[in-house]
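S.K.: I have a structure here, written as structure tokens, and I will follow up with some questions on it.
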Amino acid sequence: MEKEKVSLADAKEHGLTETEFVEIQKILGRIPNSTELGIFSAMWSEHCSYKNSILKLKTLPTKSDKLLAGAGEENAGAMDIGDGLAVVFKIESHNHPTAVEPYQGAATGVGGIMRDIFTMGARPITSLNSLRFGDPKEPRNKYLLTRAVKGIGDYGNSLGIAVGGGELFLHPTFTKNPLVNAMTVGIAKHDEMASASTKGKVGNKVYIVGATTGRDGIHGASFASKDLTKESEEKRSAVQVGDPFMEKLLMEASLEAIQKKLLVGIQDMGAAGISCATSEMSAKGKTGMDVDLDKVPLREADMNAYEIMLSESQERMLVIPEVGKEGELVSIFHKWGLNAVEIGTVTADGILRIRKNGTLKAEIPAESLVLGGGAPRYVREEKRPTYLDEVVKFDPNKIPDLKPDTVPQTLNSLLSSLNISSRRPLYEQYDTEVGLVKVVEPGEDGGLVRIPGTKKGIAVATDCNSRYTYLNPYEGAQIAVCESARNVAATGAEPYGVTNNLNFGNPYIPENYYVFSECVRGLGDACRFLGLPVTGGNVSFYNESPEGPVFPTPTIGMVGVIDDVAKGLRTYPRTKEDVKYALVGNFQPTISASEYLYRSQGLDTGAIPNISLEKEKQTMDALIECRKNGLLTSAKDLSLGGLLVALAKIVIAGKKGVEVNLNELQTKVPRLDALCFGETGASFIVSFLPNDETKVRESFTSKGLSVYTLGSSSAKASLSVKGDGFHWEWTTKSLEVEFESGLKSYFE
């Protein structure tokens, strides 16, 4: 055994506390050496162990009779969608790497989440991304945004996976801490799914497959578990470098090996590299491993055991073939031009042994390293931030109401604003057509993709209003769940399951931990009420700079299922017949906490829109029921920018005119700014054929929901809005020009 010992100072340098260093000595019965310290520091980092979040995450609802792989059981969540098929999905962050090296940081985030999906035997069919950056008027923010988007596009396009949707929110709070959350959805056959476990197969050989191992990404896991500082920007060696063409080969080879049933288990090498893959597979299978690092194919000469174990070089897998199938496995990977090298053996005693140059470099119980095993678990001190009691005192009635003649320009300004304008400059860089699975155009509320070989479809969405969760963490998180579910329901699909990416500040600061805890509580309560299992996800703490934490952002990734994609809904009606429009649900708009308030007054304050989980569920149930009965021709969720922005988006997307009369709504909402631009929950604009109006009304009113007549389609290419004391009209072209102008200049 390597004799070199390490000190408490070394442990602290690796991000471990004194208590944790003492615990490691108890586990080993001795002081660890440098290789062992490196392994523990990576595996016990926040990024790998979830040590400050796991006890909170265990309060989330995870049960469903459709669940095939739940939270923490495998690399991603999996749910049964019938016909022997499963939808496999997960979301993960790559925030810190993107802040330092945006192109590679964002690209490798896409690569990592793709591997989580295809290691389970699922072929990825679509990806999404949820992005947060500072105001691109500042050169550094523009650089981070444009380079990250290019990294996402280049990697995904090279893999041949269509982008099905996503979101972008720009705000000064994210200036030094961008958030890049990547989600991938795949489809697998039940009998061709793989596991990340040794399954107790003692004596089986362990192989490393894919790319070579280099020095890139060393300390990546611990790097993602610290606040960002000026020094962080110089830690580019902690950012991995991706090769999407290598990943494409690795995906095809892995899926072929899984389909031919050659494997006992397969695990992606992501955070903490070989350290994580060997320990997690061993612990899950209640075994150990004996690994010889001299056999690992290296990209760079003279790498020591510490570097090899902690390298996060991309496009690598650890696989355990069935006995007697080793030759066939190697042949498949060689056929695809990839390494496939035996590096060890599964052992019975539960110990992870690492050797190099004939010397034992590490000897650690595998269980002691992993989440759910010996990795530490904490609940931190909580303290309610004082600002939460201040922001609710804001009185929107003290803001002067809009005059009718200022509304047209206000709509134009909002349509061209950073958070509402067209995302075309982003999705033009993404391949949205590859694979022939996309059903709806980019820019819809939710993405809808066809499951190859079937009539079924998967609806996908990512959502979170970071301003809401900043102003009210508990209810803001509930709204994030409901908004994501509404976007899936707007396609006509039934919300099915949730994956989450929780982006917060330093958990050791009590105010930050309170906000995190409240968001988790809100997320759990909303999912329980809506009957949605949380299948897994990711926690990213330390999104904080010397100026403070980012707005808390619990990003919700939602999947839904529709029985026939041909019957899916769009934002706009596709029929050539005349249609009528109505506003349905629980319309209670407020300018508090709204995008309108921020753009017009520069304020992030006030009570967020009222949330009623009962009304949300009733509204979505009625909408889906109407879709199933063929009563609707379109559906558009109300969100940022309120009613007029939603109407403008309908006109822009459908390139058809709409005539609206707001007289009925004016009696309910007398303030013009709230009526036109206030934000609300549980509300959709739906369209239908005139003959179906009675049935549509009954579907919603029978559940105690409101139905307000808005107007009808028009032969004129314009949006016409009348009411008591006003008549506004915008041509479709003028709306489109404003909508397309917001982000365009930053990407030219």
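Heads up, the Cβ atoms here are built off N, Cα and C, so glycines get one too.
Sequence annotations record features per position, and here Swiss-Prot assigns active site to His47 based on sequence analysis. Taken from Swiss-Prot, the feature active site, proton acceptor covers His94. The annotation ATP binding site is assigned in Swiss-Prot to Tyr50, Lys90, Asn500, Gly537 on the grounds of sequence analysis. Taken from Swiss-Prot, the feature Mg(2+) 1 binding site covers Glu92, Asn538, and the record attributes it to sequence analysis. If you look up Swiss-Prot, you'll see Ser93, His94, Asn95, His96, Arg115, Gln240, Glu312, Ser313, Gln314, Ser540 marked as substrate binding site, on the strength of sequence analysis. Here Swiss-Prot flags Asp116, Asp268 as Mg(2+) 2 binding site.
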S.K.: Check the Cα distances from Glu92 (Mg(2+) 1 binding site) to each of the recorded positions His47, Tyr50, Arg115, Asp268, Gln314, Asn500 and keep only the ones within 10 Å.
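M.R.: Within 10 Å of Glu92 (Mg(2+) 1 binding site): Asn500.
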S.K.: Helix, strand or coil by DSSP: which one applies to Gln314 (substrate binding site)?
M.R.: coil
S.K.: Pop the Cα-Cα gap between Asp268 (Mg(2+) 2 binding site) and Glu312 (substrate binding site) into the table, whole Å please.
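M.R.: Glu312 (substrate binding site) and Asp268 (Mg(2+) 2 binding site) have their Cα atoms 11 Å apart.
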S.K.: In whole Å, note down how far the CA of Asp268 (Mg(2+) 2 binding site) lies from the CA of Arg115 (substrate binding site).
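M.R.: Spelling it out, the Cα of Arg115 (substrate binding site) and the Cα of Asp268 (Mg(2+) 2 binding site) are 6 Å apart.
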S.K.: For Ser93 (substrate binding site), which of these binding-site residues sit within 10 Å, Cα to Cα: Tyr50, Asp116, Asp268?
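M.R.: Of Tyr50, Asp116, Asp268, within range: none.
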S.K.: Is it possible to get the count of other C-beta atoms within 10 angstroms of the C-beta of Arg115 (substrate binding site)?
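M.R.: A count of 28.
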S.K.: So which one is it: of the binding-site residues Ser93, Asn95, Gln314, Asn538, which has the fewest other Cβ atoms within 10 Å?
M.R.: Asn538
S.K.: For the recorded positions listed here (Lys90, His94), which one has the lowest count of neighbouring CB atoms within 10 Å of its own CB?
M.R.: Lys90
S.K.: Other than its own, how many Cβ atoms are within 10 Å of the Cβ belonging to Asp116 (Mg(2+) 2 binding site)?
M.R.: 26
S.K.: Does Asp268 (Mg(2+) 2 binding site) have same-chain partners at least 6 apart in sequence with Cβ under 8 Å from its own Cβ, and which are they?
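M.R.: Sequence-distant Cβ neighbours: Asn75, Gly112, Arg115, Asp116, Thr119, Ala196, Ala277, Arg316, Met317.
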S.K.: For the binding-site residues Glu92, Glu312, which one has its C-beta crowded by the most other C-beta atoms within 10 angstroms?
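M.R.: The largest 10 Å Cβ neighbour count belongs to Glu312.
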